[in-house]
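Asker: Have a look at this one before I ask anything.
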């Protein structure tokens, strides 16, 4: 459960990402594909090379979902319900892969915002991403 301080930290961190969220989403995806090659199996039809339009496009989708979650911190299950259905029933993404992407998102934010990504912000964003993952995997059962 996110505390009031966590919510403040998440909103502030995501506010820094701002209009460039899609770029950071794509950077995190590229990082994930390089670090955890098994995650590429969900994207056999994508050009996964650095800077590809498909990775950038999916990065925007990831960023949009996270922006929706930030806007609905108190009601993420409803805000992400359709996305949860998609990942559980159609795409059948391994729940572990959400943790891998979360890690890559944290690394991306820490690398791109070193002074703003304090230990407290890191902890709050980590809790937020874990909450998003829990929501996205809730319909697997």
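Glycine is treated like the rest: Cβ placed from N, Cα and C.
Remember, it's a predicted structure, so these values are computed and weren't measured experimentally.
Residues or ranges marked as domain 'Globin' in Swiss-Prot (evidence: sequence analysis): 1-141. Sequence annotations record features per position, and here Swiss-Prot assigns O2 binding site to 58. The heme b binding site annotation in Swiss-Prot covers 87.
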Asker: When you tally the Cβ atoms that lie within 10 Å of each candidate's Cβ, which of the binding-site residues (58, 87) has the highest tally?
Answerer: 87
Asker: To the nearest whole angstrom, state the Cα distance for the pair the residue listed as 'O2 binding site' and residue 87 (heme b binding site).
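Answerer: About 14 Å separate the Cα atoms of these two residues.
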Asker: What counts of helix, strand and coil residues does DSSP assign across the domain 'Globin' (1-141)?
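Answerer: Grouping H, G, I as helix and E, B as strand yields 112 helix, 0 strand, 29 coil.
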Asker: Across the domain 'Globin' (1-141), what does the mean pLDDT come to, as a whole number?
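Answerer: It averages 94.
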